[in-house]
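**Q** Relevant sequence annotations retrieved from TrEMBL are reproduced here:
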DOMAIN    1-90  domain 'Aminopeptidase N-like N-terminal'
DOMAIN    125-342  domain 'Peptidase M1 membrane alanine aminopeptidase'
BINDING   HIS197, HIS201, GLU220  Zn(2+) binding site
ACT_SITE  GLU198  active site, proton acceptor
SITE      TYR283  site 'Transition state stabilizer'
DOMAIN    423-736  domain 'ERAP1-like C-terminal'
Amino acid sequence: MKGFYRSRYTTPAGEVRYAAVTQFEATDARRAFPCWDEPAIKATFDISLVVPKDRVALSNMNVIERKPYPDDENLVEVKFARTPVMSTYLVAFVVGEYDFVETRSKDGVCVRVYTPVGKAEQGKFALEVAAKTLPFYKDYFNVPYPLPKIDLIAIADFAAGAMENWGLVTYRETALLIDPKNSCSSSRQWVALVVGHELAHQWFGNLVTMEWWTHLWLNEGFASWIEYLCVDHCFPEYDIWTQFVSADYTRAQELDALDNSHPIEVSVGHPSEVDEIFDAISYSKGASVIRMLHDYIGDKDFKKGMNMYLTKFQQKNAATEDLWESLESASGKPIAAVMNTWTKQMGFPLIYVEAEQVEDDRVLKLSQKKFCASGPYGGEDCPQWMVPITISTSEDPSQAKLKILMDKPEMSVVLKNVKPDQWVKLNLGTVGFYRTQYSSAMLESLLPGIRDLSLPPVDRLGLQNDLFSLARAGIISTVEVLKVMEAFVNEPNYTVWSDLSCNLGILSTLLSHTDFYEEIQEFVKDVFSPIGERLGWDPKPGEGHLDALLRGLVLGKLGKAGHKATLEEARRRFKEHVEGKQILSADLRSPVYLTVLKHGDGATLDIMLKLHKQADMQEEKNRIERVLGATLSPELIQKVLTFALSEEVRPQDTVSVIGGVAGGSKHGRKAAWKFIKDNWEELHNRYQGGFLISRLIKLSVEGFAVDKMAGEVKAFFESHPAPSAERTIQQCCENILLNAAWLKRDADSIHQYLLQRKTSPPSV
């Protein structure tokens with residue numbers, strides 16, 4: 001799926017055909033035509049394609065001429081207008097059979113969404129988002145969209161989520177197509193985010209391009225931040241910024257706490273090193289530090305700086321320093337000095353804070369040290385950060401009482417007029433890229449704010465996530481966190497539940513290596529059943545997007561844990577769905593499929609595979625592929641793994657089937673790892689050098705928790721090298737060792753706590 005390649009699809013009549021498509025980033029334009037294939041070597045391109053006359057031919061620019069090809073009456077020659085000065089990796093052409101929907105944005109740009117034949121209807125949602133997004137960016141950057149048209153097109157076989165080729169953006173089908181009847185809420189949200197991300201690149205990346213791949217993060221981090229700004233503008237009801245924290249911010253912190261992380265800015269020499277940095281550090285940490293920077297500068301000056309940067313470097317190349325310079329002159333703040341501490345060194349700080357009441361004031365003592373997944377930082381010279389810190393109190397939890405820049409290892413701050421009974425919280429809105437450890441007295445005073453919801457949702461989420469990470473790193477006990485998790489009984493917010501659910505999932509996976517796995521399932525049922533009962537199975541009048549997401553999350557969690565009533569209802573609804581009596585709403589499909597498979601037999605798996613075969617929509621196929629791994633019996637697990645490599649599964653989706661098996665159960669994890677070793681040659685040939693190989697390795701081995709597995713993984717890849725996944729392999733081995741240490745340290749106390757909960761249930 002790189003260079004100029006063929007993509008296979010099936011026509012509505014069931015015939016297999018091929019389209020010809022391109023994917024050039026990072027260094028594959030050279031596979032299609034001879035070129036200086038580096039971002040800073042820009043040129044204009046005049047493209048013409050000779051194609052069968054019944055096919056659609058597209059490129060970056062608009063068609064200026066279409067004429068019969070002299071040597072063959074079945075062919076035509078299509079000529080496109082000359083492009084602006086641009087980098088090779090953004091050139092694109094597609095030849096195939098497509099339908100489209102079109103509109104004009106209010107700035108007069110022609111916008112089209114190309115879909116598989118017969119599915120034009122499914123392009124309308126993305127079209128609407130794109131038409132709203134172009135004017136939003138034009139206003140935000142104060143620079144018009146530079147080309148006469150933009151096409152968004154769904155490609156059947158596509159490795160990434162999407163690619164921002166100038167004027168011709170390519171997408172996986174699931175990142176672009178929405179069927180009003182069969183698409184779930186999370187798919188709509190995903191499409192909106194990906195469209196927002198790729199269109200941001202038309203300015204930031206395409207008009208102004210990074211000087212060299214070292215600055216890739218600037219492209220990706222920036223687009224990953226502004227896609228949220230754009231979706232928040234188009235769909236305020238998504239509460240998308242809270243979701244940013246659980247989707248990007250916490251994910252980046254998890255990776256960046258490892259010894260095998262890397263700085264945001266990495267020097268890149270060989271092309272395989274470029275593939276390697278398309279990871280959560282470039283995207284998610286990049287986006288998180290830009291969010292922190294935007295908050296530190298303020299929106300007005302940030303926009304002013306962005307405009308200076310884009311105007312100064314349009315049609316040219318720029319480095320990270322150039323952006324800091326523009327933002328510095330717009331805001332008058334020491335941007336480069338602050339940001340270099342976040343982009344040039346890896347990791348992030350843990351801020352330890354304790355408080356003392358002095359008459360009417362609260363005095364805080366803050367100290368910063370690098371946060372390490374393996375426990376307190378013990379090295380010699382500890383790296384330092386310049387940390388923008390905000391502090392709020394219970395007087396007004398949604399406003400910062402004080403903002404400071406912490407530019408030394410320790411400092412004291414005085415909060416005026418804070419009464420002894422008021423709590424104090426750091427990192428309002430969970431915007432600063434750091435974790436906080438409170439003294440036990442400060443933490444005690446914050447916990448009631450979770451129960452009575454006086455802490456804002458994103459702060460409840462941040463507090464819980466910090467505690468979970470501190471427990472994982474052995475700085476506090478996991479039992480302390482379990483107690484805090486029980487305080488979330490009244491929690492109404494989807495994103496807070498989503499993050500809680502993730503952390504409980506990590507803990508569940510860890511405890512699958514013990515003989516008290518069932519006890520943690522009981523804990524999960526206790527935590528999730530009150531909210532499950534409140535929500536019920538069917539949407540109530542007036543509910544929206546977030547309620548739908550929450551219902552799917554909670555029912556899936558309860559079903560997976562074997563909650564009796566949920567399991568019975570899921571089976572009943574599944575049967576009606578399969579018999580065609582009552583089709584499941586798209587939002588309930590994943591949780592129901594997962595529940596019946598996990599507690600089902602071979603017949604259940606066969607029905608799922610049949611539904612997969614019948615599904616007309618890629619989204620539904622993916623939905624099924626992702627849950628197949630929930631099946632528990634060894635022979636069925638083998639059947640799912642064999643299916644993963646069959647023709648039935650698109651090459652880019654094999655990874656999520658195998659990953660689902662590894663994440664589904666203890667036996668699945670062992671089977672998936674053996675399967676990867678046994679089929680390594682085929683898998684490596686299929687994905688070599690792309691980031692899918694990294695994703696495959698990460699999904700399949702990171703759940704292990706025995707020291708010797710780390711050795712086994714390391715040894716396997718020493719004799720079967722995968723250069724573009726080297727760092728991922730090191731990170732996985734480190735995670736396995738961390739899991740093993742966590743288990744040794746806390747398993748007994750967790751077991752004691754879970755047993756004691758049974759005998760004396762907590763008073764709510």
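Just so you know, glycine gets a Cβ as well, placed from its N, Cα and C.
Values in this document were obtained by computation on a predicted structure and should not be read as measured data.
Are these features on the surface or tucked inside, and what touches them?
**A** GLU220 (Zn(2+) binding site) counts 25 other C-beta atoms within 10 Å of its own C-beta, drawing on all protein chains shown.
When other Cβ atoms within 10 Å of the Cβ of GLU198 (active site, proton acceptor) are tallied across all protein chains shown, the result is 27.
For TYR283 (site 'Transition state stabilizer'), the count of additional Cβ atoms within 10 Å of its Cβ stands at 23 [all protein chains shown].
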**Q** Might you list, by sequence position, any residue in that chain lying six or more from HIS201 (Zn(2+) binding site) with a Cβ less than 8 Å away from its Cβ?
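**A** Non-local contacts for HIS201 (Zn(2+) binding site): GLU164, ASN219, ALA223.
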**Q** If you compare CA-to-CA distances from TYR283 (site 'Transition state stabilizer') to each of the recorded positions HIS197, GLU198, GLU220, which comes out shortest?
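**A** Looking at Cα distances from TYR283 (site 'Transition state stabilizer'), the smallest one goes to GLU220.
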**Q** Whose Cβ lies within 8 Å of the mean position of the Cβ atoms of HIS197, HIS201, GLU220, the Zn(2+) site, other than those residues?
**A** GLU164, GLU198, ALA200, PHE204, GLY205, ASN219, PHE222, ALA223, SER224, GLU227
**Q** Which residue counts does DSSP give the domain 'Aminopeptidase N-like N-terminal' (1-90) for helix, strand and coil?
**A** 6 helix, 39 strand, 45 coil
**Q** What is the interatomic distance between the Cα atoms of GLU198 (active site, proton acceptor) and GLU220 (Zn(2+) binding site), given in whole Å?
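**A** With distance taken Cα to Cα, GLU220 (Zn(2+) binding site) is 10 Å from GLU198 (active site, proton acceptor).
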